[in-house]
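One structure is given below, encoded as structure tokens.
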Amino acid sequence: MIISSSSVGNLLLMVVVMVYSCSGGVMGAAPRRPVDVPFGRNYAPTWAFDHIKYFNGGSEIHLHLDKYTGTGFQSKGSYLFGHFSMHIKMVPGDSAGTVTAFYLSSQNSEHDEIDFEFLGNRTGQPYILQTNVYTGGKGDKEQRINLWFDPTKDFHTYSVLWNLYQIVFFVDDVPIRVFKNSKDLGVKFPFNQPMKIYSSLWNADDWATRGGLEKTDWSKAPFVASYKGFHVDGCEASVQAKFCDTQGKRWWDQKEFQDLDSYQWNRLNWVRKTYTIYNYCTDRSRYPIVPPECKRDRDIY
Ligand SMILES: *[C@@H]1O[C@H](CO)[C@@H](O)[C@H](O)[C@H]1NC(C)=O
């Protein structure tokens, strides 16, 4: 068969389109993340400093939980909008009673907060990923899912995209939750309180695993969660410029990040249908009237 130059052209175009659409999704327009950023560049320990262990010049750290204490760290900077991610390998083996958290939070009393909480389990039993959003000090927007992989085997990327239009929770670039800006419906949306990035590992065996039935087995301590990926893609709010100018200047503000695309909506609906354990939006005994922001969740309610 003779391949004409125009079909070579089409082939090339196809390859380009394929490569583009494979890298599509939220990361499509994102700059490449620098690897091996040392922990200390953007983060500092919050408590129990000796329970954080450093590897490879700080490009990987381990949080240790034992019967004396857990530990945690926080970003040095505060951020107003951005894309915040962390590569985490959860506590392997028997992690029942432990909680590993990765979240953003502002520091004032009517605070905003965006939460990932990973609830451990007995060996071989599935973790639960709980997410929540606080606006103006009020949370009560829990969702819980199972994951489609074992989060203790490898590092996976957990991230939050936060701009004026939406907050999206991602697991390895798969959107698992969207919180749209529903200011027009009278729902508060985080927009003017800079947040720090936090992570911690602690004991919560009064509620975490099977509602508190499974207790932490301290004979298995220390419990160890591993972290990499300390780069931060956010608009840093310094003391001088409390509200940094993000309009149109940062990649996370641009058009393709203002809503999910149809591919992402499909992925999100796949997660919702297949992995949901709990969703406050569908909890009619707790919320007889559907919370307004839930109506923005296309396709399911
Ligand atoms: C732990 O495993 C049990 C049994 O498979 C399951 O019901 C529960 O949802 C799992 N996760 C947590 C965090 O309790």
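Cβ from N, Cα, C; glycine included.
Features reported for this protein in TrEMBL:
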- 1-28: signal peptide (SIGNAL)
- 30-227: domain 'GH16' (DOMAIN)
- Glu113: active site, nucleophile (ACT_SITE)
- Glu117: active site, proton donor (ACT_SITE)
- Asn121: N-linked glycosylation site (CARBOHYD)
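Checked against ligand 1, the recorded positions Glu113, Glu117, Asn121 give Asn121 as the ones with a Cβ under 6 Å from it, listed in sequence order.
The residue listed as 'active site, nucleophile' sits 25 Å from the residue listed as 'N-linked glycosylation site', counting Cα to Cα. Classification of Glu113 (active site, nucleophile) by DSSP places it within a strand.
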